[in-house]
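Working notes, beginning with the structure itself.
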Amino acid sequence: MLNKPVLAESLIVFIIVLCVHAVVWDRYSWCAVALTIQAFYVQFKWDRLLQQGGAVFQFRTAANSGLLPASMVIPLLGIAMKERCRSAGIVYFERFGIVVASTGMLVALFLSVIAVGITKPVPTNTCILTGIAGSVIIYTMKHSLTVSEVIEVLEVLLIFVYLSMVLLYLLPRCFTPGEALLVLGGISFVLNQLIKRSLNVVEGRGDPIDFFLLVAVVGVVLLGLFFTVLFIFMDSGTWISSLFFHMMTAVLGLGVIMPWLYRLIQRNPLFWLLQFLFQTQTRVYLLVYWTFLAASACGVVFYQNAKRSSESKKHQASTITRKYFHFIVVATYVPGLIYDRQLLHVAAVLCLAAFIFLEYVRYFRIKPFGQTLRHLLSLFLDERDSGPLILTHIYLLLGMSLPVWLFPRSCAPKGTLAGAGALVPYSGVLAVGVGDTIASVFGSTMGEIKWPGTKKTVEGTMTAIFAQIIAVALILIFDSNVNLNSSYAWILASVSLVSLLEAYTTQIDNLLLPLYLQIMFMA
């Protein structure tokens, strides 16, 4: 049987699904409800497989499968985007939202079928539910998608299958099935979009900022795959291998990624980036301020490592210490959201590429900094970093950045944004930067009443909700482009549900919580 935390987590997700579709009920709502019910049942099978060691790949063991909460993220994002763009009259992005929703449903259904297929004996009832949900989804797709859109959905599914086989084999214990669905599903969609746009380049069409995100994500993933395969046959810790790593990084960057980006934006990428970064005086001030914060974060890392004595090599940083970085990230993102969101968009892409590149250096022990990074970052490991990669800091960056990247700018009205949708770019700041941080700090220091079956406390959750409401009030005061327009009850409900989800989920909350809060705000 599922334990109480998993049941509570599933109930919260189901309530969120019903809340979203109470606002935007259409033919896709039936698909979402059917997918929710079958994912709940299939979650039994995944959890049993993980406990018995019967899964095909090695997943993160300190958590449940997380199939239900992960299965609903991409479909709900697509449905919310579709409705928002339909209201704005932007047909292209309305169709894009339908493709996103359909892709998310099909990928989640595929992962469910895998779990059912490898479970022995074959679970008859779950097979029937999966078949019904699949029939509803495929029937709806047949009557909603054009032929080209169906091909696009199948392309993403094919990329997802191949990426899953390669990355889950190469990176054991780095993901739960739900986290793999979110991360690999997102990468698959980005890769498909990049291929599609590269084959259909129209001069002057498309935002260079969006192309920059697509190329950067695909570029660092391909770079990692290339070196992973290469270092199977070489010792990555030698100076020769390290020199080869740096040379091939430069070759791939200048010989593949830069020309690819040039084809998309029709101008020199380096000149465009420099011109973009230093275009206004406000951007220069923001860059100087962010450089100071980055130096402060590095200072925290060095200071905490200096405190670690030789007698306490197994000492790990406390929860409060790790939350220092959450405060620094909030201080980084809030000025960017208020004064220049486009600059924040590009800076977050650059930071993501830098984080992943440094993780490659640490993982492959690339000289001269690989071993140093291993030593410095080992202090901040927790139970979620059970695989060969350290991903928690990358998840933190993604959780803060995804609401900014996924915000449908073309479908947003010019000028002041009204309603809860105005808070969409702030979803990461509220859910992770404020809510998760306050819940952890107050829960670990003053919390006494624990939620049933978890280590999280009621006091931490209540304080997190209160802190996020205060943060919304401050955003309303300092950001003149935000007008909540009497949507306070919906905002309170959204913040409360996501805070409860934080209390019960065992998935990477830095990644999951901002996406659910964004979905609620967009709806």
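Every residue gets a Cβ built from N, Cα and C, even glycine.
Taken from TrEMBL, the feature transmembrane segment covers 12-41 (among others).
If you look up TrEMBL, you'll see 61-80 (among others) marked as transmembrane segment.
The transmembrane segment annotation in TrEMBL covers 122-141 (among others).
Long-range neighbours of the transmembrane segment (211-233) within the same chain, counting only residues 6 or more positions beyond its ends whose Cβ lies under 8 Å from a Cβ of the stretch, are 166, 170, 187, 190-191, 193-194, 197, 241, 245, 248-249, 252-253, 256-257, 260-261, 264-265, 269, 273, 345-346, 349-350, 352-353, 356-357, 360, 364, 405. Here TrEMBL flags 211-233 (among others) as transmembrane segment.
Positions annotated as transmembrane segment by TrEMBL: 240-262 (among others).
Annotation comment: TrEMBL describes 282-303 (among others) as transmembrane segment. When Cβ-Cβ distances below 8 Å are used as the criterion, the transmembrane segment (282-303) is approached by residues 321, 324-325, 328, 331-332, 335-336, 339-340, 343, 347, 376-377, 379-380 of the same chain, each at least six residues removed from its ends.
Under the heading transmembrane segment, TrEMBL lists 324-339 (among others).
Here the transmembrane segment (345-365) has long-range neighbours at 209, 212-213, 216-217, 219-220, 223-224, 227, 231, 236-237, 241, 245, 249, 273, 276-277, 287, 290, 336, 371, 373-374, 377, 388-391, 393-394, 397-398, 400-401, 404-405, meaning same-chain residues at least 6 beyond its ends whose C-beta is under 8 angstroms from one of its own. The transmembrane segment annotation in TrEMBL covers 345-365 (among others).
What TrEMBL records for 386-406 (among others) is transmembrane segment.
The feature transmembrane segment is assigned by TrEMBL to 426-446 (among others).
If one looks beyond the transmembrane segment (458-478) by at least 6 residues along the same chain, the residues whose Cβ comes under 8 Å of a Cβ in the stretch are 338, 423, 426, 429-431, 434-436, 438-440, 442-444, 446-451, 484, 491-492, 495-496, 499-500, 502-503. Sequence annotations record features per position, and here TrEMBL assigns transmembrane segment to 458-478 (among others).
If you look up TrEMBL, you'll see 490-517 (among others) marked as transmembrane segment. Remote same-chain partners of the transmembrane segment (490-517), defined as residues 6 or more beyond its termini with a Cβ less than 8 Å from a stretch Cβ, comprise 5-6, 8-9, 12-13, 15-16, 19, 62-64, 66, 69-70, 73, 77, 176, 178-179, 182-183, 384, 391-392, 395-396, 398-400, 402-403, 420, 423, 427-428, 430-432, 435-436, 439, 451, 454, 456, 460-461, 464-465, 468-469, 472, 484.
Distant neighbours of the transmembrane segment (61-80): 6, 9-10, 13, 16-17, 20-21, 24, 28-29, 31-32, 35-36, 39-40, 42-43, 46-47, 49-50, 97-105, 107-108, 111-112, 115, 173, 176-179, 181-182, 185-186, 189, 383-384, 386, 406, 501, 505-507, 512, 515-516, 518-519, 522-523; these residues of the same chain sit at least 6 beyond its ends, with a Cβ under 8 Å from one of its Cβ atoms. With a cut-off of 8 Å between Cβ atoms, the residues of this chain six or more beyond the transmembrane segment (324-339) that come close are 282, 286, 289-290, 293, 296-297, 300, 347, 393, 396-397, 400, 404, 425-426, 428-429, 432-434, 436-437, 478-479. Within the chain, the transmembrane segment (426-446) has long-range Cβ neighbours (under 8 A, six or more residues past its boundaries) at 319-320, 323, 326-327, 329-330, 333-334, 337, 396, 399-404, 456-457, 459-461, 463-465, 467-468, 471-472, 475, 495, 498-499, 502-503, 509-510, 513-518, 521.
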